[in-house]
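*Asks:* The structure's right below; bear with me while I get my questions together.
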């Protein structure tokens, strides 16, 4: 479908456009005003965002490139409840102190990837705790709650699916929909925000906000959803068997981040290049047309470009150089370091513990299974003894050991 506005044509071509509450109306608004304020919300349930959030972050950047103003809404208030959308059970209630720490950490990550300044298109960071923490319950029920139909709320797939499974939905969680809807109203009144963007799982919450705006006689509000970032197997991006693919380099090294995208399924390369990088469409078409072993060159481009956006050009180039040197030139010295203390080596470190401590395996049980399945190597030699111990004898030939878990995960273990 061809649109009048360049922005909608762009996001449709790159695969961002999933649903819109009024696509013709939004198209005309973008065409007539040449300026719009839009927001994307992020929960503060963890100290870092992960790879699954990249599609939202890229959308923030694209809004700026087209001359629009993006608002990042951090859910310092709503995280105290937790979004029940398509969840099997209630999230654990986080202490307020943890939520505040997570909010600060997420802000630092976003500031590396999105341009925040006082210009017309400079992004803003807003925390919904600023207004939600001060709500008076009786006033909120009377002024806002009166506009919500419980029957309608129960009809949304995000809620209906959970109830159909006879899984409990607490009254606390049920209130989340009202609070997110109210966020849109606050952002419209304070910043003239007319557009909310979110993942496809947020459709019900977004529609609630738009309908509330109508009942409060606000200018027409719009909602736009993007597809969830799934891999070829239909699993959400951002999580692996050994943990989440964090955007914070203190939680996941740029080298491992690069490797994650280097190892995506062949079928995902073109789509991820469109959604997660700024590589031009014509170049993407050439890269995704590569076959057999040549597709690996496209994967390297994907990994490097995605790493540049998250960690900067220098870290991306270092990660690529280290990976190519280690795998193609067999130079283990360029692998990322994992440092262990002399005292640990003196007393001996269990290989099982080391696989777990490095983050290669999520548990000691998984580490044992890897070893027993001949999936662990030290200096390219298979080790299948779960009682194997790393000591000073392990370092007699060189100042480090190369530890491998499977074919694609490698690290250099160094004694401090």
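Glycine too: its Cβ is placed from the backbone N, Cα and C atoms.
As annotated in Swiss-Prot:
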- 39, 176, 180: L-tyrosine binding site (BINDING)
- 239: ATP binding site (BINDING)
- 349-414: domain 'S4 RNA-binding' (DOMAIN)
- 44-53: motif ''HIGH' region' (MOTIF)
- 236-240: motif ''KMSKS' region' (MOTIF)
*Asks:* Can you tell me how many other Cβ atoms are located within 10 Å of the Cβ belonging to the residue listed as 'ATP binding site'?
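*Replies:* Here the count is 13.
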*Asks:* What else in the chain is close to the motif ''HIGH' region' (44-53), if you only count residues 6 or more beyond its ends and a Cβ gap under 8 Å?
*Replies:* 74-76, 79, 82, 91, 94, 99, 101-103, 105-106, 109-110, 228-229, 236-239, 244-248, 251, 260
*Asks:* By Cβ count within 10 Å, point out the most packed of the binding-site residues listed: 39, 176.
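*Replies:* That would be 39, with the most Cβ atoms nearby.
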*Asks:* Determine which residues of the chain contact the motif ''KMSKS' region' (236-240) at the Cβ level, with the cut-off under 8 Å and only residues 6 or more beyond its ends counted.
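*Replies:* Residues 50-54, 228-230, 260.
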*Asks:* Including all protein chains shown, what's the count of other C-beta atoms within 10 A of the C-beta of residue 180 (L-tyrosine binding site)?
*Replies:* 27
*Asks:* Mean pLDDT, the domain 'S4 RNA-binding' (349-414)?
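*Replies:* Taking every residue of the domain 'S4 RNA-binding' (349-414) together, the mean pLDDT is 89.
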*Asks:* In the three-state scheme derived from DSSP, which category covers residue 39 (L-tyrosine binding site)?
*Replies:* strand
